[in-house]
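Reviewing the structure listed below.
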Amino acid sequence: MEQTNRKGIPLIGEKMPSMEVQTTHGMKNIPEDYKGKWIVLFSHPADFTPVCTTEFVAFAKRNDEFKKLNAELIGLSIDQVFSHIKWVEWIQDNLKVNIPFPIIADDMGKVAESLGMIHPGKGTNTVRAVFIIDPEATIRLMIYYPQEVGRQIDEVLRALKALQISDKNKVAMPENWPHNELIGDKVIIPPPKDMALIEERNKEEGYDWWFKFKSLNN
């Protein structure tokens, strides 16, 4: 049965809606200003809060790793732009960390609401959402964390790398890739779609015809 998105919130596999936003780096058109790049858009509950500060420091320190993956970081909260600027200055002055990526000032909450980043059961601020958007402006991943739990940047990078490798090699990535308990850093070959492919798959390494895997260099 075909499912419809009643709330109008974009879901995985759908296009990122076009929006013009004010940021700490000036006005931006998303996703148009990022053609050919991956976008990691993440929301935080509020400026000048401890958990958010630890996250921004971590994202900033890993920014070059995202860039090497052709990805751009974009932050967002419902604070005003002057609050973002003063917070970024505080981080620079007190923690000696430069925040190199733009932060969307969504003070009316329209962007956050349109993307499902505000969960009424957790108040009127945004939860800690992460959206990964590919170069074709398709939403590929959505993760939500509650306000009281900070994100793990390694997992965001792992998911981004996994999506890119999956696209390039037409494979799937196991749990905790590249450190899966069963198959290590190997990747999963998609299940066969017909009997002829089952015979072909039987030549590959695996546990059964439907559970085949390989090394990326093979």
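The backbone N, Cα and C atoms fix where each Cβ goes, and this holds for glycine too.
According to TrEMBL, the protein has these features:
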- 10-165: domain 'Thioredoxin' (DOMAIN)
- CYS52: active site, cysteine sulfenic acid (-SOH) intermediate (ACT_SITE)
- CYS52: active site, cysteine sulfenic acid (-SOH) intermediate (ACT_SITE)
- ARG128: substrate binding site (BINDING)
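Counting only same-chain residues at least 6 apart in sequence, those with a Cβ under 8 Å from the Cβ of the residue listed as 'substrate binding site' are PHE42, SER43, HIS44, PRO45, GLU55, TYR144, TYR145, PRO146, GLN147, VAL149, GLY150, ARG151. Under a cutoff of 8 A between CB atoms, and with a sequence separation of 6+ in the same chain, the neighbours of CYS52 (active site, cysteine sulfenic acid (-SOH) intermediate) are HIS44, PRO45, ALA46, SER77. Per-residue pLDDT, averaged across the domain 'Thioredoxin' (10-165), gives 97.
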